[in-house]
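**Student:** Below you'll find the structure I mean.
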Amino acid sequence: MNRGDLRLVVGLGNPGNRYANTRHNVGFMALERLASREGGGFRSMPKLQGQLADLGSGDKRLRLLMPQTFMNDSGRSIRAALDWFGFELHQLLVLVDDMDLPLGRLRLRARGSAGGHNGLKSTIQHLGTQDFARLRIGIGAPGQNPSERKARTVSHVLGSFSRDEEPLLDKVLLEVVDGLERIQLQGLDLAGNHLNGLQLAPTSTEE
């Protein structure tokens, strides 16, 4: 993805108030933060099976999509949006939560496997390729060993961020929103050099 290519940013998540503040919905959170900052609003688009916001105009218009299909069928909405707008894969970026990264870390990649994430699995299935950009947003993993992690995965990703995590989450969302602008202005490689090197930490309140 070169600078100026980005046209569609998709945040992965689950629809409904029940899931609104869960770790699995951090992609939705980032898009809502960006739309709020830019004065945009989401509207229902049944033909895309999602909610859509438009930012900017003309050649600089950026569309934000939150699939309403539930996580495991996200690819259906993404495929519909690409077809409806006539976008190519190099114009797409997917925002996704990642348990393999701690909260405070980001990883921008031009392509890759699903890594066990059902939303990415669905996207790869419906697009027929792994060759699309994705920004993985760390949410941390439950437990210290594989068996504990496996047992607690569902409750972790469908659980809300704790009050202690919220200040760091706020910093992460700000970096993601700023990172989208970096991608537009600099392209994927240069933006990735910055985003992939971040190691955000909560602001200390100690005197």
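Glycine too: its Cβ is placed from the backbone N, Cα and C atoms.
Not my notes, these are from Swiss-Prot:
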type	residues	note
SITE	N14	site 'Discriminates between blocked and unblocked aminoacyl-tRNA'
BINDING	Y19, F70, N72, N118	tRNA binding site
ACT_SITE	H24	active site, proton acceptor
SITE	D97	site 'Stabilizes the basic form of H active site to accept a proton'
**Student:** Rounded to a whole number, how many Å is the Cα of Y19 (tRNA binding site) away from the Cα of D97 (site 'Stabilizes the basic form of H active site to accept a proton')?
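**Tutor:** Per the Cα atoms, Y19 (tRNA binding site) and D97 (site 'Stabilizes the basic form of H active site to accept a proton') stand 14 Å apart.
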**Student:** Beyond Y19, F70, N72, N118, what residues of that chain have CB atoms within 8 A of the centre of the tRNA site's CB atoms?
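**Tutor:** Result: G13, N14, H24, T69, M71, D73, S74, G119.
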**Student:** Sort the recorded positions H24, F70, N118 by C-alpha distance from N14 (site 'Discriminates between blocked and unblocked aminoacyl-tRNA') and give me just the closest.
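**Tutor:** Nearest candidate: F70.
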**Student:** Just the number: how many Å between the Cα atoms of the residue listed as 'active site, proton acceptor' and D97 (site 'Stabilizes the basic form of H active site to accept a proton')?
**Tutor:** 6
**Student:** Out of N14, N72, which of the recorded positions has the smallest number of neighbouring Cβ atoms within 10 Å?
**Tutor:** N72
**Student:** Could you check which of the binding-site residues F70, N72, N118 is the closest Cα neighbour of D97 (site 'Stabilizes the basic form of H active site to accept a proton')?
**Tutor:** N118
**Student:** Please give the maximum pairwise Cα distance, in Å and rounded to a whole number, for the tRNA-binding set Y19, F70, N72, N118.
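**Tutor:** Roughly 16 Å, rounded to the nearest whole number.
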**Student:** For H24 (active site, proton acceptor), just count the other CB atoms lying within 10 A of its CB, please.
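**Tutor:** 23, counting other Cβ atoms within 10 Å of H24 (active site, proton acceptor).
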**Student:** Same chain only, sequence gap of 6 or more: which residues have a CB within under 8 Å of the CB of F70 (tRNA binding site)?
**Tutor:** N14, P15
**Student:** Enumerate same-chain residues with a sequence separation of six or more from N118 (tRNA binding site) and a Cβ-Cβ distance below 8 A; give 'none' if the list is empty.
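**Tutor:** Those within reach of N118 (tRNA binding site), by Cβ under 8 Å and sequence separation of 6 or more, are M71, N72.
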